[in-house]
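J.: Just passing along the structure, written as structure tokens.
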Ligand code: 2GW
Ligand code: MN
């Protein structure tokens, strides 16, 4: 199913060989692209390798603005950047609980996609920082609403997806619903689409908090819920999110965006 090149609603699933990059690069010669990333507390250590690898592989030759959110603006080491690339550093509070750090991204997205980004960029890409670009990631990933298949679930039956299954949560997805399990480490779209997405997810997170519950995979659960009922216009194959510890890597020819292996105990404390 996920090795297909079209979703059941006929959105393209992007694999190497499904697009002509020269045509797309031309179409996007004046497109402005944002890359949104959080690096708070110990995750600041992932920022420079992330940005340096982005300079090498992400939207090369296009207008890129990095939106970096950190609690240590003064400690950020800036990468060498191509002409036309901009680095914006923004201060953000460091939440105590890691679940809140991760979910805080949705709240910040609601503010920036409404107030700042509409005048600055056309498309926004949101990413985890504990990742490195390892091969081409270009304008073929742009679309109105774009999500990436979770690399651990691309061969799984729907029943195995780790959606939120408790009806009391706003992230609830009933059995039988949903098409893919998406990973929140890479998604994007037009700025107004990410505004709508982040508003919906943030609202769900707040409502759950009022009831003293938290979705099983935090904002990833809310993202999945949103995408069941608001179908992405483009889906990225696991080429765009991979982890070398996973099985079935031989099926993935290009490993474009790789998880960095971390000492969980050490970085999460
Ligand atoms: C600290 C302790 C435990 C977990 C995360 C953090 C932490 C995360 C942090 O101290 N500082 C920080 O900046 N973050 C940001 O949140 C950073 O951008 C990081 O990449 C992102 C998500 O946390 P991460 O990468 O540790 O989570 P994963 O790799 O297990 O990711 C999936 O599940 C998460 C939900 O729990 C998110 O949905 C994420 O988008 C998924 O890829
Ligand atoms: Mn991560």
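Any Cβ shown, glycine's included, is placed from N, Cα and C.
In case it helps, TrEMBL gives these features for our protein:
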- 38, 39, 40, 43, 128, 129, 130: UDP-N-acetyl-alpha-D-galactosamine binding site (BINDING)
- 128, 130: Mn(2+) binding site (BINDING)
- 220: active site, nucleophile (ACT_SITE)
J.: May I ask which of the recorded positions 38, 40, 43, 220 have a CB within less than 6 Å of any atom of ligand 2, listed in sequence order?
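T.: Cβ under 6 Å from ligand 2: none.
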J.: Let me know how many other Cβ atoms fall within 10 Å of the Cβ of residue 39 (UDP-N-acetyl-alpha-D-galactosamine binding site).
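T.: Looking across every protein chain shown, the total is 25.
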J.: Tally every other Cβ atom lying within 10 Å of the Cβ atom of residue 130 (UDP-N-acetyl-alpha-D-galactosamine binding site).
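T.: Here the count is 18.
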J.: Return only the integer: C-alpha distance in Å from residue 128 (UDP-N-acetyl-alpha-D-galactosamine binding site) to residue 220 (active site, nucleophile).
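T.: Roughly 11 Å, rounded to the nearest whole number.
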J.: According to DSSP, folded down to helix, strand and coil, what is residue 38 (UDP-N-acetyl-alpha-D-galactosamine binding site)?
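T.: Residue 38 (UDP-N-acetyl-alpha-D-galactosamine binding site) sits in a strand per DSSP.
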J.: Let me know how many other Cβ atoms fall within 10 Å of the Cβ of residue 43 (UDP-N-acetyl-alpha-D-galactosamine binding site).
T.: 22
J.: Could you state the CA-to-CA distance between residue 129 (UDP-N-acetyl-alpha-D-galactosamine binding site) and residue 220 (active site, nucleophile) to the nearest Å?
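T.: Residue 220 (active site, nucleophile) has its Cα 15 Å from the Cα of residue 129 (UDP-N-acetyl-alpha-D-galactosamine binding site).
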J.: What does the structure give for the C-alpha distance between residue 40 (UDP-N-acetyl-alpha-D-galactosamine binding site) and residue 220 (active site, nucleophile)? Integer Å is fine.
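T.: About 18 Å separate the Cα atoms of these two residues.
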J.: What are the other residues, in sequence order, whose C-beta lies within 8 angstroms of the center of the C-beta atoms of 38, 39, 40, 43, 128, 129, 130 at the UDP-N-acetyl-alpha-D-galactosamine site?
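T.: Going along the sequence, the neighbours come out as 37, 44, 46, 47, 50.
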J.: If I take the alpha carbons of residue 43 (UDP-N-acetyl-alpha-D-galactosamine binding site) and residue 220 (active site, nucleophile), what is the distance between them in whole Å?
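T.: Cα-Cα, rounded: 19 Å.
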J.: Which is it, of 40, 129: the one of these binding-site residues whose Cβ has the most other Cβ atoms within 10 Å?
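T.: Going through 40, 129 one by one, the largest Cβ count within 10 Å is at 129.
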